[in-house]
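Enquirer: The structure under discussion is supplied below as structure tokens; questions concerning it will follow.
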Amino acid sequence: MRVPESWLREFVDLDWDIEQIAERLTFSGTSVEDILRPFNVSGEIITARVIERFDHPASEKLIVCKVDTGKRIYTVITADKTVNEGDYVILALEGATLNNGLKIEPREFKGVISEGMLCSLEELGLEEKSDRVYRFPDPVELGVNVVEEYGLNERVLDIEITPNRPDCLSIIGVARELSALSGRPLNKPQPDVSFVDEDVQFDVEIEDVEGCPRYSARIMKGVTVKDSPLWMKARLVAAGVRSLNNVVDATNYVMIELGHPVHAFDLNRLKNKRIVVKSAKGGERVLLLDEKEYELKGGEVLITDGENVLALGGIMGGMESGVYDDTRDLVLEVAYFDPVRIRKAAKALGISSESSYRFERGVDPNDVELVSLRLAELIQKLAGGYVLRKFWDVYPRKIEPKKVMLRKARIEKILGTKVEEPGDILRRLEFQVEDRGDSYEVLVPTFRPDVEREIDLIEEIGRIYGYEKVESKVISVPAVNRGWGEKQLFRREISQFMKGMGFDEVVTFSFVDSQKVKKWPLVDREPIALSNPIASDMDVMRTSQFYSLIQVLAENFKRQNRDLKLFEIGKIYFKENGNFREIETLSAMSCGLENPGDYTDKRSVSFYTIKGVLDELFFRLGVNVVYRAAEIPGLFPTRSARIYVENREIGFIGMVDPKLLDEYDVKEDTYFFEIDMELLRKYASKRPAYRPTPRFPAVRRDISFLLPKGFESVKIIELFKKSGGDLVEEVGVFDIYEGKGIPENMVSVTLYVVFRHPERTLTDEEVNKIFEEMVQKAEREFGIRRRF
């Protein structure tokens with residue numbers, strides 16, 4: 001999220017400079033990654049008027065202009081022959097620097113000296129490409145410094161907004177944080193709109209209330225679609241959005257300012273003069289504003305006029321009903337869409353927009369009228385026209401603020417310090433707080449969907465109060481013996497680890513289908529048949545937990561839950577030498593998105609995702625393992641491995657065979673591992689000693705190799721660890737690519753190597769030397785070559 005400083009200060013009046021603002025935000029949990037200057041312009045760049053224009057005496061491609069700045073007249077040469085007398089332009093004078101780094105100085109063009117330069121928007125950093133001198137649409141005061149007047153000296157906070165804080169995807173949201181931190185009041189918008197009473201044939205209907213709990217529309221007439229003024233262009237570009245026209249720019253401006261995406265339709269392109277919100281059935285095709293046609297999967301929220309699709313709700317508008325130069329009448333949409341439905345639709349169609357980015361995380365369902373008024377006010381200011389008084393607002397089931405009780409004693413117990421007036425901190429964040437004696441009754445505003453429990457409120461108090469103010473104390477915790485044995489404690493430790501890695505624990509039946517075990521024998525074990533099975537597909541004891549987990553995964557798929565991380569610690573059973581045996585194993589299965597809670601992260605689970613979970617477990621337990629490629633029935637041949645400790649197999653890992661997945665109607669790549677808990681506990685008896693935080697920085701190097709498909713990258717990893725010596729701290733794979741630019745039957749594998757010296761800082765020269773030797777050794781030993 002890019003937040004221009006001047007825009008932020010309109011909402012909260014602060015004495016802090018921008019560096020202090022960045023520091024306070026970061027300390028409170030809103031991380032400022034950088035302070036940017038989006039425009040690389042400086043010096044005397046001023047408004048001027050062309051008072052005379054004539055052809056260059058020695059060049060047909062140039063013209064000579066006399067330009068008045070209010071103080072003196074300059075001679076300027078330009079190649080833009082559309083410049084005319086009377087045009088108000090932007091003049092860069094000697095010493096000025098343009099966005100492309102060009103420094104202005106007097107220059108001779110075939111016998112005529114140009115004393116400056118007439119600027120295009122590209123040269124000011126306001127457009128990516130422009131070959132025309134910018135002309136102000138209306139007269140302006142001469143001699144005004146454009147850099148200062150229009151914010152081309154703007155500084156911008158580049159803020160990393162976590163997925164749980166959609167309220168901060170707006171200027172007002174960040175300003176609210178600063179208001180709470182500083183104690184200064186938040187200046188909320190107070191839209192001033194002139195209304196006209198006029199009857200109009202129009203209606204709004206919601207058929208899909210689940211996908212669209214609230215939809216509002218407002219009508220404007222008589223607008224003029226044209227280029228946006230310079231101040232609007234500059235502010236949008238500073239915020240990372242390109243300018244299109246005054247109406248579209250107004251919608252983007254309001255979205256950035258208030259955090260609620262909005263849309264404008266051309267009223268006269270609505271066939272039935274009505275809005276009907278419905279759910280897609282699947283198979284429909286729609287042409288969107290990105291000029292691409294999409295076939296809908298079913299379940300998407302559609303904005304229609306009863307017959308034609310106008311927009312993909314919460315994601316993108318349609319081409320047919322968009323705003324064009326001849327648009328005169330508008331329908332202004334401000335709605336609330338279900339975050340889950342928007343996320344699923346955007347993912348299924350492969351669309352990512354500023355609108356879906358916000359709706360996926362959750363916008364405020366109860367700021368709709370304010371946002372609509374602000375949009376109407378801004379369009380009226382930029383495009384003229386008038387606003388109809390009637391406001392269509394369909395909101396069948398109002399979403400009420402959550403009520404949470406907060407115990408005062410609990411605040412001090414959790415934070416470890418007494419906070420004066422914690423209720424006031426919450427009020428500054430716009431929570432409604434009632435003092436109930438020994439507790440607070442708190443109404444959580446609907447723009448804060450992340451706050452659900454008492455502990456969330458305490459976190460809000462702590463971060464605004466300042467964790468740096470909390471005195472550090474040594475905590476003494478007495479040992480408690482719960483009577484658990486070593487085995488139970490180890491089992492609990494592994495369970496807690498898997499939950500901490502984002503996996504959900506399941507408990508399943510030990511009875512499975514003998515036909516599945518026979519067809520896909522992941523392990524070479526003889527199953528134990530049941531003499532009296534409870535069902536025909538539960539007639540043997542499982543030889544692997546795989547058969548249980550795949551069933552759970554398939555059931556979730558039927559219910560549209562496709563981002564899954566499952567694990568189970570349980571028994572497997574088999575015959576060995578005529579005897580019945582049972583072994584406790586840890587098994588895990590994962591598919592779908594790698595981080596389903598992070599809507600900015602579209603990566604899917606891969607082999608290295610689930611292997612990374614195992615690697616972290618082995619590291620924590622101090623177990624040194626070796627992965628060896630293996631063909632395992634039921635797993636994909638080139639993406640499976642057995643796991644060994646001291647040449648003894650303790651488990652296996654791999655990608656589930658797509659043919660097997662088809663039998664369960666699972667359409668996502670799925671990964672599985674199974675580890676013998678008894679052997680894991682045995683080899684985990686020696687835990688790693690405590691290692692202090694490194695005093696010296698690490699140095700990372702990456703390398704991409706072209707490898708034959710099926711090549712075991714673990715061989716390179718082991719070679720790097722061995723040849724790099726004690727300076728190599730970590731080696732791993734972080735990217736695999738095959739496709740365009742990669743030869744057939746080859747794959748590009750990118751590895752990273754982390755170097756660190758315990759006693760000093762490594763130089764680039766010595767790291768480069770060691771790294772190059774390692775790479776060359778890998779090339780020689782394995783007959784491979786680097787990609788870059």
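Glycine residues also receive a Cβ, built from the backbone N, Cα and C atoms like all the rest.
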Enquirer: Which candidate from ASP438, ASP450 does Swiss-Prot annotate alongside ASP456, GLU459, GLU460 at the Mg(2+) binding site?
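Expert: Same Mg(2+) site in Swiss-Prot: ASP450.
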Enquirer: Cβ atoms within 10 Å, counted per site: which of GLU459, GLU460 has the most, among these binding-site residues?
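Expert: When each Cβ's neighbours within 10 Å are tallied, GLU460 tops the list.
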Enquirer: With helix taken as DSSP H, G or I, strand as E or B and everything else coil, how many residues of the domain 'tRNA-binding' (39-147) land in each class?
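Expert: For the domain 'tRNA-binding' (39-147), the helix, strand and coil counts are 6 helix, 43 strand, 60 coil.
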Enquirer: Using DSSP, break the domain 'B5' (399-472) down into helix, strand and coil residues and give each count.
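Expert: Helix (H, G, I), strand (E, B), coil: 30 helix, 16 strand, 28 coil.
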